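Engineer: Dropping the structure in here first, questions after.
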Amino acid sequence: MKAIVFAYHDIGCVGLNALAEAGYDIQAVFTHTDNPGENRFFSSVARVAADLALPVFAPEDVNHPLWVERIRELQPDIIFSFYYRNMLSDEILSLAPQGGFNLHGSLLPQYRGRAPINWVLVNGETETGVTLHQMVKKADAGPIAGQYKVAISDVDTALTLHAKMRDAAQELLRNLLPRMKEGPLPLTPQKEADASYFGRRTAADGEIHWQKSAFTINNLVRAVTEPYPGAFSYLGQRKLTIWRSRPLDLVHNKLPGTVLSTAPLTVACGEGALEIITGQGEAGLYVQGDRLAQEMGIVTDVRLGNKPSNTLKRRTRVLILGVNGFIGNHLTERLLQDDRYEVYGLDIGSDAISRFLGNPAFHFVEGDISIHSEWIEYHIKKCDVILPLVAIATPIEYTRNPLRVFELDFEENLKIVRDCVKYNKRIVFPSTSEVYGMCDDKEFDEDTSRLIVGPINKQRWIYSVSKQLLDRVIWAYGVKEGLKFTLFRPFNWMGPRLDNLDAARIGSSRAITQLILNLVEGSPIKLVDGGAQKRCFTDIHDGIEALFRIIENRDGCCDGRIINIGNPTNEASIRELAEMLLTSFENHELRDHFPPFAGFKDIESSAYYGKGYQDVEYRTPSIKNARRILHWQPEIAMQQTVTETLDFFLRAAVIEKTAAPKDELNA
């Protein structure tokens, strides 16, 4: 059986040798060049391939059409990936009739993603293992061919556990590879409900937070000790690295980080205490804990902790245009919860942000972006991160006011983009799930999916193409003029303060607000084309947390990226959304304030939106970028979001009804 192998690390060497022992005809080996900045403690796949007289390559982008064509010419029967660090495209995987199989360092579906050995230790797991699974478009999500369990002892470190995993991989492959040559193995689908995902770790993640328990801190030490950079803390400005430690079940009344004794060197934790067995000063030697205390002048009752800043760091200034909107006001709330940020905002109203007006870190001006261009340019120059959230984003307006959509959504925002280029400011731009249009992929991928829209006479696509063109302009400015940017694409975010009932009364609102208005007024719920269209609904709090991490942009991880923000597990049709709303409405404590339910009414899209409308059957995001780059995973179930959104609007409607007579008297 002819095989193509993608491999790196010790596990890659194990996989390559196992294939050779099993008699596979290895056509080519793809690996990575060594990173001079990485502490390489593992064997070289390139050397093993050379010893086996196999052709070996290390392309920068194996998914490039030139490499895809070279692999096609080799006509592989099967593809294997052993700790190869890049995802393989569907095009490459389709070249092998038997498919592609990846060896992952955990018991899937748990610990999908990066650095599973480190993560299981950080989280104090007692068992892990290796999994051989079929590769699919979603990382580490394909059906399982086999697994081999590995016990984790209390004294295991990342290095000792790696050795166990290497042996486990060898045993698993010796068992499976000969059988796979005979024919396809039975595969077991993964249970998505049990899946967990973890992203890459950096050296900065090794910083110790002493308020955690001694058990938790010791797990961190085990997870990142040699050959990794190590767990660390500070004594004033001086860094110390802890290589080995022991948790102590010790009762104390000291603040976390306080040194309880120097021989042995013992530090108070939020729960228990940590004995430092070996460690190292920033420019010192690897020594025992008591010797470390002597060398660094550590004495009893001194506190270890974060490195104190020499200067008072200025808050990051975030400019939000459209700050009173749905995303704008929720994002403002999240930013103001963190004292690293201050917010400058512009909008034509302030009802949703009135709760922030007394906050000294919030600066608001009422105005229109079409008029206040000088104010906007000045504040782009003044601020650090720019979010132009002003747009017409309600479907009925795409056909009712297409030119206004273009003028505001494209022309006005293009001015802002150019000012960001002029003053070298980072822009976080709200693209949209609408740019994917009628894409026929099962999941819409930021980097590979085609953006497909309808004919010119379907004016509803003017919003989609306006946003898409801005995406392309921003990308070009990034490539040609160094603009720092991130494009984020929300997928049907919903929650309290989404639109308002007045907007729904004139049809200018999103679906859930329109449905709630029907319930509040006792009018039939209109289901456009029967409400069969499916969407993936995302809770505003999940969405805002992802957006906050984009603004935070740790280590520049979001620069030049496009990131979908949605919840694929919350997929439902508009009819299902309406039925869920109706159930919550009938059970709500304010139900008696509103008329009886008037039923569902199916209506054609042309009658509701106009002749220029065209809909899509589904819109499902791939969120691999958000998981990998932001370490983000949506958590809030659709039912909770529906309940909270409905409650917000019902209470607002009751207040509106009770206030109406008073208003009439005053008139």
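The first residue you see is number 1, and the count goes up from there.
Using N, Cα and C of the backbone, Cβ positions are placed for all residues, glycine too.
Features from Swiss-Prot:
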{"type": "ACT_SITE", "residues": "Glu434", "note": "active site, proton acceptor"}
{"type": "BINDING", "residues": "Arg114, Val136, Lys137, Lys138, Ala139, Asp140", "note": "(6R)-10-formyltetrahydrofolate binding site"}
{"type": "BINDING", "residues": "Ala393, Tyr398, 432-433, Arg460, Asn492, 526-535, Tyr613", "note": "UDP-alpha-D-glucuronate binding site"}
{"type": "REGION", "residues": "1-304", "note": "region 'Formyltransferase ArnAFT'"}
{"type": "REGION", "residues": "314-667", "note": "region 'Dehydrogenase ArnADH'"}
{"type": "SITE", "residues": "Asn102", "note": "site 'Transition state stabilizer'"}
{"type": "SITE", "residues": "Asp140", "note": "site 'Raises pKa of active site His'"}
Engineer: Sorted by position, what residues of the same chain at least six away from Lys526 (UDP-alpha-D-glucuronate binding site) have a C-beta under 8 A from it?
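Structural biologist: Gln514, Asn518, Lys601, Asp602, Ile603, Tyr608 - these are the non-local Cβ neighbours of Lys526 (UDP-alpha-D-glucuronate binding site), listed in sequence order.
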Engineer: Provide the three-state secondary structure of Arg535 (UDP-alpha-D-glucuronate binding site) computed with DSSP.
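Structural biologist: Where Arg535 (UDP-alpha-D-glucuronate binding site) sits, the three-state DSSP reduction gives strand.
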Engineer: Out of Asp140, Asp529, which of the binding-site residues has the smallest number of neighbouring Cβ atoms within 10 Å?
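Structural biologist: The binding-site residues Asp140, Asp529 were compared, and Asp529 has the fewest Cβ atoms within 10 Å.
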Engineer: Round to a whole number and give the Cα-to-Cα distance in Å for the pair Arg535 (UDP-alpha-D-glucuronate binding site) and Lys137 ((6R)-10-formyltetrahydrofolate binding site).
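Structural biologist: It is 20 Å, counting Cα to Cα.
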Engineer: Let me check the 10 A CB neighbour count of Lys137 ((6R)-10-formyltetrahydrofolate binding site). How many other CB atoms are there?
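Structural biologist: Its Cβ shell of radius 10 Å holds 18 other Cβ atoms.
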Engineer: Measure from the Cα of Val136 ((6R)-10-formyltetrahydrofolate binding site) to the Cα of every one of the binding-site residues Ala393, Ser433, Asp529, Ala532, then give the nearest.
Structural biologist: Ser433
Engineer: Compute the C-alpha separation of Ala393 (UDP-alpha-D-glucuronate binding site) from Glu434 (active site, proton acceptor), stating it in Å without decimals.
Structural biologist: 10
Engineer: Sorry to bug you, but what's the C-alpha spacing from Asp529 (UDP-alpha-D-glucuronate binding site) to Arg114 ((6R)-10-formyltetrahydrofolate binding site), rounded to the closest Å?
Structural biologist: 43
Engineer: For the C-alpha pair, I'd like the distance in angstrom between Asn102 (site 'Transition state stabilizer') and Ala532 (UDP-alpha-D-glucuronate binding site), rounded off.
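Structural biologist: Here the two Cα atoms are 37 Å apart.
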Engineer: Could you state the CA-to-CA distance between Lys137 ((6R)-10-formyltetrahydrofolate binding site) and Ser433 (UDP-alpha-D-glucuronate binding site) to the nearest Å?
Structural biologist: 19
Engineer: Looking only at DSSP and grouping its letters into three states, which state does Ala393 (UDP-alpha-D-glucuronate binding site) belong to?
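Structural biologist: It is coil.
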Engineer: Once the chains shown are all counted, how many other Cβ atoms turn up within 10 Å of the Cβ of Val136 ((6R)-10-formyltetrahydrofolate binding site)?
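Structural biologist: By my count, 16.
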Engineer: Does Ala139 ((6R)-10-formyltetrahydrofolate binding site) have same-chain partners at least 6 apart in sequence with Cβ under 8 Å from its own Cβ, and which are they?
Structural biologist: Met87, Arg112, Gly113, Lys624, Arg628
